[in-house]
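A short write-up of the structure that comes next.
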Amino acid sequence: MYNLLKGKRGIIFGALDENSIAWKTAERVHAEGGTFVLTNAPIAMRMGQIKELADKTGSEIIPADATNLEDLENLVAKSMEILGGKIDFVLHSIGMSVNVRKGRHYTDQNYDFTSKGWDVSAVSFHKVMQTLYKQDAMSEWGSIVALTYMAAQRTFPDYNDMADNKAYLESIARSFGYFFGKEKKVRVNTISQSPTPTTAGQGVKGFGGFIAYADKMSPLGNATAQDCADYTVSLFSDLTKKVTMQNLFHDGGFSNTGVSQEVIEEFSGE
Ligand code: NAI
């Protein structure tokens, strides 16, 4: 390890279990010398294993529903107290569609479900940043990252309303990135990650076929959760200070590949 995050303090949202992208990121950040507070929705805390991660990384846990402003205000204020200063890095690794969970097709949405999923998966990112902004909680040259998926740009039918939520999330990164950059010298980016076998990922219908297809299409193969943790650490480090307002594809080349030899062979019967 390289001590890339030595002396840096952060908040990590979304570590549910050891498969979670946020879990792998927390381990990697810890290995690079960063300290952080772990947070997740109160209900996920009861179901998940976050305590184990906290013990391993010497972190404290503060429950917060990322759609609830009071929870977020408390989280940000307490994190600065616990960590002993302003925040250098934040990972938003949160996603959930109620329509997907309840098996509602994209053309048959329940709009209460749609609103809830949008709030959790997209608006929560604005709420997190607005809370940090108002409390002036970010250090200069701090870095904020959220995770997204390419369904924001191209249609993947089974991704359902999460596609729309991700498009909104990416837009928030650009819009808030402007103000955070101008006023506080803080960067805001989204990482557009390959399909990854996690609880949220496996909620997508036909995930097995989907992940195998992406792997065959990507010249470098799918990026794993561990790869994503590495990439995120680079964005939290001082080596990427002028990267902001970007949607960064982290997908082994999938997004720029029209077709791969392997996929052609599947169809040509040769
Ligand atoms: P995960 O299921 O391990 O993590 C999702 C997290 O969101 C969970 O920890 C869950 O408790 C949290 N969450 C849900 N509602 C919340 C709320 N109201 N307040 C606070 N936290 C809440 O799955 P994964 O895959 O690690 O997901 C992390 C991020 O990566 C999500 O934004 C997801 O959309 C994104 N992503 C995942 C991909 C995949 O194939 N797994 C591909 C591209 C992006």
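Placement of Cβ uses the backbone N, Cα and C atoms for every residue, glycine included.
TrEMBL lists Tyr149, Tyr159 with the feature active site, proton acceptor. Residues annotated as NAD(+) binding site in TrEMBL: Gly14, Ser20, Ile21, Ile94, Lys166.
Sequence features, as recorded in TrEMBL, placed on the structure.
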residue	record	DSSP (3 states)
Gly14	NAD(+) binding site	coil
Ser20	NAD(+) binding site	coil
Ile94	NAD(+) binding site	coil
Tyr149	active site, proton acceptor	coil
Tyr159	active site, proton acceptor	helix
Lys166	NAD(+) binding site	helix
For Ile94 (NAD(+) binding site) and Tyr149 (active site, proton acceptor), determine the Cα separation and express it in whole Å. 12
For the active-site residues listed here, Tyr149, Tyr159, which shows the highest count of neighbouring CB atoms within 10 A? Tyr149
What remains of the recorded positions Gly14, Ser20, Ile21, Tyr149, Tyr159, Lys166 after requiring a CB under 6 angstroms from ligand 1 is Gly14, Ser20, Ile21, Tyr149
Hey, how far is Tyr149 (active site, proton acceptor) from Gly14 (NAD(+) binding site), Cα to Cα, in Å? 16
Just to verify a number: CA distance, Lys166 (NAD(+) binding site) to Tyr159 (active site, proton acceptor), in angstrom, no decimals. 10
Which whole number of Å gives the largest C-alpha distance between any two of Gly14, Ser20, Ile21, Ile94, Lys166, the residues noted as binding NAD(+)? 18
How many whole Å apart are the CA atoms of Tyr159 (active site, proton acceptor) and Gly14 (NAD(+) binding site)? 20
